[in-house]
Amino acid sequence: MQYAVIIPAAGSGKRMNAGKNKLFLTVQDVPVIIHTLQVFETDSLCKAIYLSINPAERESFELLIKQYKIKKIKAMVAGGKERQESVYQALKAVNEADIVLVHDGARPFIRHSTIRHLVEKADESKAAIVAVPVKDTVKRVENGQITETVERSSLWAAQTPQAFHMSILKKAYELAERDSFFGTDDASLVERLGVPVAIVEGQYDNIKLTTKEDLYFAEAILNNRLSTPEG
Ligand code: CTP
Ligand code: MG
């Protein structure tokens, strides 16, 4: 089952505090966005990549895409102020796909094997996301005081990619726009439709590069990857 992937890359990386879009920072000399794009470029199930970008950075993206010979990009659309808007703009450009994945440009370490499991799951159940069991004990806090220790066994941390039948994702985005609903991931828009969203267990090293220390983790993850490659 082939898929198209939407990669939102139009953020400004405020929490990284690097003075530029964090996707242009390098991990082992290769820009973060290129690490991410290479995963999909080399995945035989991926037939098209749709990238949302900040138009002011178009030239920088185009240069890198040329330099690293990324061939599967079908469209580079102007993103919006929020991630959700960036994804929606790209979704409008997608055609001829049954399964659409959404994957953060800032998550360069997703593995082909996880993508494969996700796509299989989405194919049979319409919607599925990659997630990992929460490891920490989670407290609900109000005014500096714990009000509840949340039962951990049912808690999962959502990652990307998230995969959907295209018609469902389009409907979810249309209704979110109509209702001015903003969710923190794509699945939350689909959940509102009452469509069950399945979980595929992913890996803890599929981190989203968010703050400065994530760059150290990224170097370590990549070192470990190079010594223990996967198929
Ligand atoms: N993103 C996007 N459009 C936006 C905001 C975010 O396409 N308006 C993308 C980012 O480029 C990133 C992904 O969505 O690949 C996840 O967002 P996040 O990690 O929050 O990145 P930023 O928004 O860039 O970072 P910050 O929130 O710290 O500013
Ligand atoms: Mg953000």
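Indices start at 1 and increase along the chain as displayed.
Each Cβ is built from the backbone N, Cα and C atoms, and glycine gets one as well.
TrEMBL has this to say about the protein:
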SITE      Arg15  site 'Transition state stabilizer'
SITE      Lys22  site 'Transition state stabilizer'
SITE      Arg152  site 'Positions MEP for the nucleophilic attack'
SITE      Lys208  site 'Positions MEP for the nucleophilic attack'
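Positions of TrEMBL features highlighted on the structure.
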{"residue": "Arg15", "record": "site 'Transition state stabilizer'", "Cβ within 10 Å": "13"}
{"residue": "Lys22", "record": "site 'Transition state stabilizer'", "Cβ within 10 Å": "26"}
{"residue": "Arg152", "record": "site 'Positions MEP for the nucleophilic attack'", "Cβ within 10 Å": "12"}
{"residue": "Lys208", "record": "site 'Positions MEP for the nucleophilic attack'", "Cβ within 10 Å": "15"}
Measure from the CA atom of Lys22 (site 'Transition state stabilizer') to the CA atom of Lys208 (site 'Positions MEP for the nucleophilic attack') and give the result in Å, rounded to a whole number. 11
Should we count any of the recorded sites Arg15, Arg152, Lys208 as near ligand 1, judged by a CB under 6 A from one of its atoms, and which? Arg15, Lys208
Cα separation, Arg152 (site 'Positions MEP for the nucleophilic attack') to Arg15 (site 'Transition state stabilizer') (Å, whole number): 27
Where Lys208 (site 'Positions MEP for the nucleophilic attack') sits in the secondary structure, as DSSP reduces it to three classes: coil
